[in-house]
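Working notes for the structure below.
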Amino acid sequence: MPVVRKIFRRRRGDSESEEDEQDSEEVRLKLEETREVQNLRKRPNGVSAVALLVGEKVQEETTLVDDPFQMKTGGMVDMKKLKERGKDKISEEEDLHLGTSFSAETNRRDEDADMMKYIETELKKRKGIVEHEEQKVKPKNAEDCLYELPENIRVSSAKKTEEMLSNQMLSGIPEVDQGIDAKIKNIISTEDAKARLLAEQQNKKKDSETSFVPTNMAVNYVQHNRFYHEELNAPIRRNKEEPKARPLRVGDTEKPEPERSPPNRKRPANEKATDDYHYEKFKKMNRRY
């Protein structure tokens, strides 16, 4: 009888390790994807090297101006372009619109533009393409010296430009919200400071006062002194005389009676009652003081 061997399944220890490796690879791929997304979201610091290597693209108009008849490059000359190259510039200058002529001030400063300008100037200096405008000095006459200003009178605009740049840099920084707790603390501190100031002012007033000299001395002087002032336009008082009795005559049996004024007698304009006079005087005194 042939011996039949039983085939048993062997457990592979490598299966678990392979699963772990697959999981770790998936995690690593996810991390790399997230890092790439984060790098794309980031703003590039400074000027990119690719932009410096590529350089600026020269427009066709500049090539036409430099070599309109294609003497350097060769080829057919396009007469239509030569005729129409100046018309576009004239039409753009004539068409002045409010939307294009005025621009809103953003009060922000682009640092990359300044960096590019600095790099271009340095490259021109190294290549020797710098325009020596400062070195070209014209010979001065004696009359030109009269129009020159001394250094102490010249107004330097360096401070203004520095302040403008600092303000622009600060305006580009975003503000951070501190939260409600910080606002509440600021309000409490301001209220405490107000209370302290009021208390200090009251204490100063108390210290300055003395028992010998009252604070309302000037007011009391004016109030009491007003009664000693004589009025210039005061109405003239008339002393009223008592009516005289008629003299007795021989044969008069009736009692003497005072003379009566006629009933239709007109009163003078200056004649007033005593109450009205004092009331008007009081009103005038209050107006003065």
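Cβ coordinates come from backbone N, Cα and C, glycine included.
What Swiss-Prot records for 1-12 is compositional bias 'Basic residues'.
Residues or ranges marked as compositional bias 'Basic and acidic residues' in Swiss-Prot: 232-283.
The phosphoserine annotation in Swiss-Prot covers Ser15 (among others) and rests on similarity to another entry.
The secondary structure of Ser17 (phosphoserine), as reduced to three states from DSSP, is helical. Counting only same-chain residues six or more apart in sequence, none has a Cβ lying under 8 angstroms from the Cβ of Ser17 (phosphoserine). What Swiss-Prot records for Ser17 (among others) is phosphoserine, and it gives similarity to another entry as the kind of evidence.
Tyr147 (phosphotyrosine) falls within a helix when secondary structure is assigned with DSSP. Over all protein chains present, the Cβ of Tyr147 (phosphotyrosine) has 7 other Cβ atoms lying within 10 Å. Residues or ranges marked as phosphotyrosine by Swiss-Prot: Tyr147.
Taken from Swiss-Prot, the feature phosphothreonine covers Thr253.
Here Swiss-Prot flags Ser261 (among others) as phosphoserine.
Taken from Swiss-Prot, the feature region 'Disordered' covers 1-27 (among others).
The annotation region 'Interaction with SNRNP200' is assigned in Swiss-Prot to 5-58.
Positions annotated as region 'Disordered' by Swiss-Prot: 86-109 (among others).
The region 'Disordered' annotation in Swiss-Prot covers 232-289 (among others).
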Model confidence over the region 'Interaction with SNRNP200' (5-58) (mean pLDDT, whole number):
74
